[in-house]
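As given in TrEMBL:
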- 12-32: transmembrane segment (TRANSMEM)
- 44-67: transmembrane segment (TRANSMEM)
- 100-119: transmembrane segment (TRANSMEM)
- 131-149: transmembrane segment (TRANSMEM)
- 156-176: transmembrane segment (TRANSMEM)
- 188-212: transmembrane segment (TRANSMEM)
- 224-246: transmembrane segment (TRANSMEM)
- 266-291: transmembrane segment (TRANSMEM)
- 298-317: transmembrane segment (TRANSMEM)
- 323-341: transmembrane segment (TRANSMEM)
Amino acid sequence: MTIQENSSRTKKFLLAINCILLAIGNCGGPLITRLYFLKGGERIWLSSWLETVGWPIVLIPLSFSYFNRRREFRGKMILSTSTDNDNDNNAKFILMTPRIFVASIGIGILTGFDNYLYAYGVAKLPVSTSALLIASQLAFTAGFAFLLVKQKFTSYSINSIFLLTLGAVVLALHANGDRPNGESRKEYILGFIMTLGAAALYGLILPLFELLYKKAKQGITYTLVMEIQAVYCIFSTVVCTIGMIINKDFQAMSREAKSFELGEARYYIVIIWSAILWQCFFLGAIGVIYFSSSLVSGILITVLLPVTEILGVVFYGEKFTPEKGVSLVLSIWGFISYLYGDIKASKKKKENQSKEQEMIEKINCTP
């Protein structure tokens with residue numbers, strides 16, 4: 001087996017692992033968050049906090065990466081006495097520059113508020129409804145990408161935005177169809193609005209990451225991406241911690257645990273697993289993006305959307321109304337339209353680059 005074949009197999013194996021992590025987090029995260037609220041949990045800031053408090057898990061792969069860089073650095077120093085930029089990077093404990101660090105803090109603060117909006121929506125809406133509303137983030141992402149990174153609109157992206165918006169409107173027109181028992185219409189509508197707000201804010205955060213990568217002025221590696229994740233998760237957790245302190249959630253946890261329907265011990269099990277599952281989602285998402293592309297990551301999240309809905313219906317007995325069926329079809333149709341347009345644009349771009357390369361070669365070959 002050649003070195004290239006071995007490297008390709010390793011890449012495919014790591015891609016498969018990250019796909020599994022993404023699937024587990026994407027389906028398990030919303031379900032266990034909803035379980036917390038269904039069984040007596042009432043603390044929205046606590047639920048928001050759990051989405052990123054598991055960031056220390058990222059330190060495990062970062063530690064392996066650092067020790068691997070140190071080993072490679074020592075090997076290069078033995079073979080060569082020269083010191084170049086690559087050697088300097090291998091020797092560094094942290095690859096992130098101050099510029100990226102500050103930008104990651106800003107994204108982290110936005111993520112903290114996005115977590116709150118999302119947690120509020122999950123507290124008031126069935127999982128199947130909130131999952132459909134979150135799918136509308138693709139429309140917001142396209143809009144903010146146009147403004148921030150000058151991404152061009154095509155007929156396919158416009159069609160996608162229209163379909164995703166229409167899907168959300170269909171749900172809004174029949175908002176009372178799956179309202180949980182004991183919940184007022186006002187709370188349900190507010191949860192609906194908060195979830196759309198979470199989708200909009202996350203639609204802003206994704207292009208901000210793309211803008212960060214473009215303005216980074218340094219090579220983007222998987223290690224650097226994990227460092228960025230660790231920083232923005234830390235500051236997102238700080239925002240949610242402040243919210244918990246103001247709302248006195250830390251003091252209320254012991255009381256809430258004692259009154260939890262599944263028992264005190266299982267209350268803390270739900271809390272711990274919530275933090276783990278959400279970190280699986282974040283780790284899996286950035287892993288798939290690095291080893292493949294953001295497009296593949298988006299495909300997986302969309303493919304898993306009906307799975308999350310079905311699990312919500314199976315485990316929590318949620319209603320799957322005709323409106324949800326129509327909204328689901330519109331959401332998937334909208335995503336396919338966006339995906340097809342993106343693939344077509346990428347293919348055209350490669351063809352143009354290939355033609356330009358051929359022209360350059362012909363000019364160079366001309367005597």
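Residue positions begin at 1 at the first shown residue.
Glycine is no exception: its Cβ is also placed from the backbone N, Cα and C atoms.
Caution: TrEMBL annotation is automatic and unverified by curators.
For the transmembrane segment (188-212), the residues of the chain that approach it from at least six positions outside its boundaries are 100, 103-104, 106-107, 110-111, 113-114, 117-118, 120-125, 129-130, 133-145, 147-149, 151, 168, 171-172, 175-176, 179-180, 228, judged by C-beta separation under 8 angstroms. Taking every listed stretch (12-32, 131-149, 224-246, 323-341) in turn, the largest tally of C-beta pairs under 8 A with the transmembrane segment (44-67) is reached by 224-246. Counting same-chain residues at least six beyond the ends of the transmembrane segment (12-32), those with a Cβ under 8 angstroms from any Cβ of the stretch are 51, 122, 127, 130-131, 270, 273-274, 277-285, 287-288, 291-292, 297, 300-301, 304, 307-308, 311-312, 315. Between the transmembrane segment (323-341) and the transmembrane segment (131-149) there are at least 3 Cβ pairs closer than 8 Å, counting only pairs 6 or more residues apart in sequence, which means the two stretches are in contact. Same-chain residues lying 6+ beyond the ends of the transmembrane segment (131-149) with a Cβ under 8 Å from its Cβ atoms: 30, 118, 121, 125, 157, 160-161, 164-165, 167-168, 171, 192, 195-196, 198-200, 202-204, 206-208, 210-211, 214, 298, 302, 305, 308-309, 312, 324, 327-328, 331, 334-335, 338.
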